[in-house]
Amino acid sequence: MDSDFVPPSVSFQLPVIDFSDQNLKPGSSKWDEVTADVLKALEDYGCFEASFDKLSVELNRSVFEAMEDLFELPIPTKQRNVSSKPFHGYLCHNLYESLGINDANVLEKVNDFTQQLWPDHGNKSISETIHLFSEQLVELDLMVRRMIMESFGIENYIDEHLNSTYYLTRLMKYTSPPDDDDDDDEETKLGLRSHTDKNIITILHQYQVDGLEVKTKDDKWIKVKPSQDSVLVMVGDSLCALLNGRLHSPYHRVIMTGKKTRYSTGLFSIPKTGVIIDSPEELVDKEHPRIFKPFEYTDFLHFFQTEAGRIAQSALHAFAAF
């Protein structure tokens, strides 16, 4: 686990990559250009800012309003959002609160979620909003993962890889820190401790209030301030393992400053139950010996829940490294 100590951070512009071009199709010169940019950004930072015009102002506003309505529900109601899988249902810890929806790119699954919270009638408007939003992010996720596989010469595994995952859409709320009666200055607190994501790819979108920070390879914390029509695309530990360590999953955290509540969304591509994460032979050679043992994602999550997993500098290496 990375330290929860909050060192100073600096403002920094991560690479911004445009995915809005209508000519962005596999095999096109534009595709090759963007693929090269994606690889460079992920090798350098483990993440990048993606400009994606399908996240319209109207859609972003609708998602924001839906989250306000959802988090205003009583806690016992939100606790109906349950899952047998770790870190998938309703979560609440200190300043952080979150709801999770499996396969939110499928409308029926979102309807099941709203039916949990409104048993009598569900919530058609919220269901349609979350479904449309998730659909758009899934489209971006699929493009990015295809580009990554092509970059490392393992395009023969693309269909197998894309079919081996499902999606979790997470809606997140970070409450502003409590007032300090003895200090008029803005108070800064850790909204979400430093961590790496355990899945394949994460796509994060924050609304109006910033707070996300990413740790660079040289151990500097940088403030991430994407525009309202862009998202942060980030490598997870499972992708790092699949690629035999060719890309890294960056530490990131949320710092709460001031008195405004922060809302954000996350789309997580996750290996399905029973799928074994193992580097293809094409990525293993004398210069790149195999780093990780094959493993199942759920076993990795269960390890992360143990004391050994929580205190490890890298849960992935502690769990799966040779």
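Note: Cβ is positioned from N, Cα and C throughout, glycine not excepted.
What you are looking at is a predicted structure, and each value in this text was computed from that prediction instead of being measured.
When Swiss-Prot records HIS195, ASP197 as binding Fe cation, the matching candidate from HIS121, HIS131, HIS252, HIS288 it lists for that site is HIS252. Each of SER194, THR196, THR202, MET234, SER249, PRO250, TYR251, ARG253 belongs to the same chain as HIS195, ASP197, HIS252, is absent from that list, and has a C-beta within 8 angstroms of the C-beta centroid marking the Fe cation site. Considering other CB atoms within 10 Å as the measure, the emptiest surroundings among the binding-site residues ASP197, ARG262 are those of ASP197. Annotation note: ARG262 (2-oxoglutarate binding site) sits in a strand segment as assigned by DSSP. Annotation: HIS252 carries the greatest number of neighbouring Cβ atoms among the binding-site residues HIS195, HIS252 [cut-off 10 Å, Cβ to Cβ].
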